[in-house]
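Peer 1: Sharing a structure here in structure tokens format.
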Amino acid sequence: MEHKKMGAELQDSYDDQQKWVLDSSVDSRGRVPLRARTGAWRAALFIIVIEFSERLSYFGLATNLVVYLTTILHQDLKTAIRNVNYWSGVTTLMPLLGGFVADAYLGRYVTVLVAVTIYLMGLLLLTMSWYIPGLKPCHKEMCVEPREAHELAFFIAIYLISIGTGGHKPSLESFGADQFDDDHVKERKMKMSFFNWWNVSLCAGILTAVTSVVYIEDRVGWGVAGIILTVVMAISLLIFLAGKPFYRHRTPLGSPLTPMLQVFVAAIAKRNLPYPSDPSLLHEVSKAELTSGRLLCHTEHLKFLDKAAIIEDKNPLALEKQSPWRLVTLTKVEETKLIINVIPIWLSTLAFGICATQTSTFFIKQAVTMDRHIAGFTLPPASMFSLTALTLIISITIYEKLLIPLLRRITRNQRGINILQRIGTGMLFSLITMIIAALVEKQRLDRTNDNNKPALRVIWLAPQFIIIGIADAFTLVGLQEYFYDQVPDSMRSLGIAFYLSVIGVASFLNNLLITAVDTLAEDFSGKSWFGKDLNSSRLDRFYWFLAGVTAANICVFVVVAKRCPYKSVQPSQDSTDSSVSAA
């Protein structure tokens, strides 16, 4: 009789899991979401639309920015590259602030709305700088130096876009992933595919930007391109708002940094206490008492922090009154370990980020100096990036449809290969990219005559754009999944921001490398590697230098990845998996 009662309770629990989403999400009215009417792909598609338009706007500007700075604002190559790297760095570091605000205070949905509004303000100002007489670049059609008013308006506009991207990118991507329930078997598999298809739509936006938008900028005018980008972004915002009834929301729980500080303070305060004989003796709330989030399994890594969860007084009344700065739960300890675990991974992917930044700076500038005539059509330099975007789409599709099913049968892993293996594979392709880029640039320099006329066709750059696309399909997508999946549930917007900051910090490091390498080259050989233009530079040597840095970094990454544990979540009632985030 008792067994029947228990069986009935388990069945009721299973039915509830199938009908309702019990992962701490709420619907647009603050209620427990109904699975059949909210979330999954029905909600994610609305979110993907606005990502498409944001990438269309961002890459329509970013890939042609070095051309704008050198032709419209008449900056020299070194200054233009530095300005592009500074802007790219700020744009990809701002998500750290945006992700924190989203996780702690505003929530992801509201943060996206605020960020897109700021983004639209930037696009509007950029467009007006071409139509308002006092803000136009010049009085005449041809000019040597632009107006200061135009230069000021331009930089304010692009940095408004940076601020908008800072709130948009981490919040939107994590908001999209939130639409899938980790504790539901079917939705968990959908979520593993989400990041792949997210990047396909992202690349579709990039591909459209570096073909259609860049062509309009070069042939019709930047003002017309600005109008198009502003209208597309406004329409996508309306589509995003239309999906509101289908979204699942996560309630912000305050600063995610406070629990981490509590762990460190409690662990230091109890550093002299003996470690318990069994980890099960450490303080933890029961599943029945858990109001939000998920419980994590104990790991042997960084055991010193476990002392923060040692119970000094086992009296139930004393436990309730215990200060959170003296006693924390085991799950909070494990969440702190997760953040510490991702730091070495983040550091060991910066070299890849430096390689990736070359595609929108030196790679594009190389295209400017080469013969771009193809069948009577002059290819805009930034359109070469379309090869990277197209390669990304094809690579991700092949990986999702062919490689993953094959690898699942071989490795018995739901992901096919684990996330860090995917990231490392992309790093190998980035090394190949730098080697090919160095060889091609040497050929270009050798064939350039005294009149600086282009002797090499732009198609020679195709291999480096294509192979970096394959690298991105493995490493960038892997980093998105890793930093979303391997941080605490309450920090997922910040997790996406960590991924974006890899490119941001890499942009600043790239500037430092250019300065350092240039200084050393002048000291040892008396000749700079970076002249006023590419023909007076030795970019091939810089690429060889990056290849060496990347090769050394891959060795470091392998060592770090082998020692890095993955998040292990305690199984829910409807799942027998001990780890939702399978390695």
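Glycine is no exception: its Cβ is also placed from the backbone N, Cα and C atoms.
According to TrEMBL, the protein carries these features:
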TRANSMEM  86-106  transmembrane segment
TRANSMEM  112-132  transmembrane segment
TRANSMEM  194-216  transmembrane segment
TRANSMEM  222-242  transmembrane segment
TRANSMEM  338-364  transmembrane segment
TRANSMEM  384-407  transmembrane segment
TRANSMEM  419-440  transmembrane segment
TRANSMEM  460-484  transmembrane segment
TRANSMEM  496-521  transmembrane segment
TRANSMEM  541-561  transmembrane segment
Peer 1: Any contact between the transmembrane segment (194-216) and the transmembrane segment (384-407)? By contact I mean 3+ C-beta pairs closer than 8 Å, pairs at least 6 apart along the chain.
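Peer 2: Since 3 or more Cβ pairs under 8 Å link them, the transmembrane segment (194-216) and the transmembrane segment (384-407) do come into contact.
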Peer 1: Let me spell it out: take the transmembrane segment (384-407), skip the flanking residues so only those 6+ beyond its ends count, and list any with a Cβ under 8 Å from a Cβ in it.
Peer 2: 59, 63, 193, 196-197, 199-200, 203-204, 206-207, 210-211, 359-360, 363-364, 367, 413, 415-417, 458, 461-462, 465-470, 472-474, 477
Peer 1: May I ask for the residues of the chain that lie six or more residues beyond the transmembrane segment (222-242) and have a Cβ under 8 Å from a Cβ within it?
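Peer 2: Hits for the transmembrane segment (222-242): 46-47, 49-50, 52-54, 56-57, 60-61, 68, 72, 112-113, 116, 119-120, 123-124, 126-127, 130-131, 213, 216.
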Peer 1: Okay, the transmembrane segment (86-106) and the transmembrane segment (541-561): do they have at least three CB pairs under 8 Å, pairs separated by 6 or more?
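Peer 2: As far as Cβ distances go (cut-off 8 Å, pairs 6 or more apart), the transmembrane segment (541-561) and the transmembrane segment (86-106) do not touch.
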Peer 1: Counting only pairs 6 or more apart in sequence, are there at least 3 Cβ pairs under 8 Å between the transmembrane segment (496-521) and the transmembrane segment (86-106)?
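Peer 2: Yes, the stretches contact each other.
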Peer 1: Which one of these stretches, 86-106, 338-364, 460-484, has the most C-beta pairs shorter than 8 Å to the transmembrane segment (419-440)?
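Peer 2: Comparing 86-106, 338-364, 460-484: 460-484 has the most Cβ pairs near the transmembrane segment (419-440).
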Peer 1: Counting only residues 6+ away from its ends, which parts of the chain sit with a Cβ under 8 Å from the transmembrane segment (86-106)?
Peer 2: 58, 62, 65, 114-115, 158-159, 161-163, 165-171, 174, 252-257, 357, 360, 490-498, 500-505, 507-508, 511
